Amino acid sequence: MSRYRGRFAPTPSGPLHFGSLVAALASFLDARRAGGQWLLRIENIDPPRCPPGAAETILHQLEAFGLHWDGPVHWQHERDAAYQAALDTLVDRGLAYPCSCSRKQWRDHALYPGWCRDGPREPGGPVAWRLRSDLGLRPIAWQDRLFDEQRFDPAALGDVVLKRKDGLWAYQLAVAVDDADQGITDVVRGFDLLDNTPWQRQLQHALGLPHPRYLHLPLIMGDDGQKLSKQNLAPPLPREDDAVRPLLHRALTALDQRPPAELATAPVADQLARAISAWDAGRIHPHPERSATGARH
Ligand code: GLU
């Protein structure tokens, strides 16, 4: 049996749109083609950003597109103890520290200057927790499956926040811990997340966790030249079968998989079966952006 384990990890800040469909589909096809598992993780660590019902809508949307996940859904709001254990480990290793500074105090700097590294400047008040980027962490490099070698200097990344002053966990820590706990071997996600990868790899290194492989995907841009997103009101994915079929075909086209034209109205299961057997990530054109109609910017 294949040891491949992939995942789709949406933030339920609203329904999925065409851009998220392309990311979900690519990670699904990559996992299924490899005979591996495809897991679903709902990244709801920031409750104010997650309207009630949005996560359930996402599950229904994925099902309508035939993207059935393996095992139970992994919910980040249940993971407090795991994130705290990881933070405690980093603190024990001298790699994380409490910081009392507000963004306003260091607004003249591009990166947080590390003022609290030797203890909070204002002890006794609320603190955020930050990762030290100045302690012998090696340059971060990885071979992206689509975008070739990526290299980042830890010092240029700054001391990223792991836990916020309001007590909420930061995305970077949650993702690094969950990818490891879920045994993820392959991360397939949008290019907009590429510059988060160095922090996640730095955390994997600091916590002694394995590094997955990464494939970042071209971003789907709207007619206005902006990335499709909930903020610019990209239309939510439909759930009616007659609308789902052609959209699935378009998503496969956006991934350069060249689905046969006659499959555009075929049942979802038929389109997916063909797409799994024909999946070739190497066909995706490595361009950071492309329009929803397939043109490259
Ligand atoms: N939750 C993130 C998002 O919806 C994606 C996280 C990931 O794939 O690592 O943008």
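Every residue, even glycine, has its Cβ placed from backbone N, Cα and C.
Its own atom aside, the Cβ of ALA9 (L-glutamate binding site) has 24 Cβ atoms within 10 angstroms in the protein chains shown. According to TrEMBL, the feature L-glutamate binding site maps to ARG7, PHE8, ALA9, PRO10, THR11, GLU43, TYR171, ARG189.
Proximity of CYS99 (Zn(2+) binding site) to non-local residues of its own chain (separation of 6 or more, Cβ distance below 8 Å) is seen for TYR112, TRP115, CYS116, PRO120, VAL127, ALA128, TRP129, ARG130, ASP159, VAL161, given in sequence order. The Zn(2+) binding site annotation in TrEMBL covers CYS99, CYS101, TYR112, CYS116.
The feature ATP binding site is assigned by TrEMBL to LYS230.
Marked as domain 'Glutamyl/glutaminyl-tRNA synthetase class Ib catalytic' by TrEMBL: 5-108 (among others). For the domain 'Glutamyl/glutaminyl-tRNA synthetase class Ib catalytic' (5-108), the DSSP counts in helix, strand and coil order read 46 helix, 17 strand, 41 coil.
The domain 'Glutamyl/glutaminyl-tRNA synthetase class Ib catalytic' feature in TrEMBL is assigned to 122-233 (among others). Mean pLDDT of the predicted structure over the domain 'Glutamyl/glutaminyl-tRNA synthetase class Ib catalytic' (122-233): 91.
Residues or ranges marked as motif ''HIGH' region' by TrEMBL: 10-20.
According to TrEMBL, the motif ''KMSKS' region' annotation covers 227-231.
Of all Cβ atoms in the protein chains displayed, 20 besides its own lie within 10 Å of the Cβ of TYR112 (Zn(2+) binding site). Mapped onto DSSP helix, strand and coil, the domain 'Glutamyl/glutaminyl-tRNA synthetase class Ib catalytic' (122-233) counts 32 helix, 32 strand, 48 coil. Counting only residues at least six positions away in the same chain, the Cβ atoms of TYR112, TRP115, CYS116, ARG121 sit under 8 Å from the Cβ of CYS101 (Zn(2+) binding site). Candidate binding-site residues: ARG7, ALA9, PRO10, THR11, GLU43, ARG189. Those with a Cβ under 6 Å from ligand 1, in sequence order, are ALA9, PRO10, THR11, GLU43, ARG189.
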